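*Asks:* TrEMBL feature annotations, pasted as is:
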- THR150, LYS151, ILE152, ASP153, GLY202, SER203, SER204, GLY205, VAL206, GLY207, LYS208, SER209, THR210: GTP binding site (BINDING)
- 93-263: domain 'CP-type G' (DOMAIN)
- 111-261: domain 'EngC GTPase' (DOMAIN)
- 222-241: region 'Disordered' (REGION)
- 325-348: region 'Disordered' (REGION)
Amino acid sequence: MTARMSHFPEQPPASEVALGWCPYFEDQLAPDEAQLLRMRIATVHRTRLTARSPSGVVRLRLTDGTQTAGFAVGDWVLVDPETDFLFRRLDRRTLLQRPGGGERVPQLIAANVDTLFIVTSCNDEFSPARLERYLALANEAGTTPVVVLTKIDRTTDAEGYLRQTQALQRGLAVVTLNAKTPEAALTLAPWCGAGRTVALVGSSGVGKSTLFNTLAGRSAEHAQATGPVREADAKGRHTTTARSLHATVTGGWVIDTPGMRSLAVGDVSAGLDELFAEIVDLAPRCRFRDCTHACEPGCAVRAAVEAGTLDSARLDRWRKLSEENRNNTAVRTGPRGKRIVKMPSQGR
Ligand SMILES: Nc1nc2c(ncn2[C@@H]2O[C@H](COP(=O)(O)OP(=O)(O)OP(=O)(O)O)[C@@H](O)[C@H]2O)c(=O)[nH]1
Ligand SMILES: [Zn+2]
């Protein structure tokens, strides 16, 4: 695969499909909605929304009482071509959000992200427990997690980090790279092709900004271009706004919002069953249906630990996360009718 480096400065997408439009959204259209523009939310502000289409970025006109907090960067919306009035938002394929406590509504971070790059380094920062929390978050949001192990140039044991990471979830994609080299964009290209949307999460200092600049085709000298840009609003005035939906050098999109960067590990944690599938699979073989795999006789999970086929540290981490999950479940209904499960913001 060859990276198209000509995307800098940012080109508008060639088509809606190149912007991420797919049958999932097409199927939601009523016959009389065919003439409406399909646009993707690029920025969300307190009182205004901007959206992107192959013809450029516009500030949407909103009917009185529209709550911008109900929109996320990456959302698909239908827009009146004559007036730029926002008609309606389409259902999301995936949603990353920070649950609000008590009466507070959840804060929407990014929608329709296909792949969540979970970034960590091949050094002391590496932590299976932290990665598992991010994996639970990605699973819950409906995005495909890919673990990106950076600073491969600083370790002699890249294989070891790779092996430990692959053991964390069945079928998990893991890549190793030096984020500072241009080849990093090629390594990530399989997830960043035309119409694909990605986002980056991870602790401070693991290389997210470096990777973002590589993906968006920005050299270190132009890195400040990731900050606020001046943009003409509907009345022609210039306002400062942080662009949040950026073209990648391989034809995809990378979402970068402040909320994305600080997405706390442990804000969300369903997706645990997908993460700990090997334990879920063993559980029906336990003598008791409600076995907690702690001290019950006839426990197939503990038998697997004794037989050496299941790591006891892994079982400990499963227990800890599941317990937190039970103690902190906020019973609410998610956007797709899914239960949203809240965990305390441990380790923040
Ligand atoms: N040697 C090496 N250095 C790297 C690599 N990735 C990042 N760095 C360096 O690590 C430091 C931190 O990288 P950033 O990209 O700023 O990390 P970040 O995750 O964006 O950090 P925050 O902005 O604090 O969240 C910088 O000095 C990078 O140049 C890598 O793969 N190899
Ligand atoms: Zn058991």
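Cβ atoms here come from the backbone N, Cα and C positions, even for glycine.
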*Asks:* Rank the binding-site residues THR150, GLY202, SER204, VAL206, THR210 by the number of other Cβ atoms within 10 Å of each Cβ, and give the residue at the low end.
*Replies:* SER204
*Asks:* Using a 10 Å cut-off, grab the number of neighbouring Cβ atoms around the Cβ of ILE152 (GTP binding site), all chains included.
*Replies:* 19
*Asks:* Across the listed GTP-binding residues, THR150, LYS151, ILE152, ASP153, GLY202, SER203, SER204, GLY205, VAL206, GLY207, LYS208, SER209, THR210, what is the farthest Cα to Cα distance, given in whole Å?
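*Replies:* Between the most distant Cα atoms of the GTP site, 19 Å.
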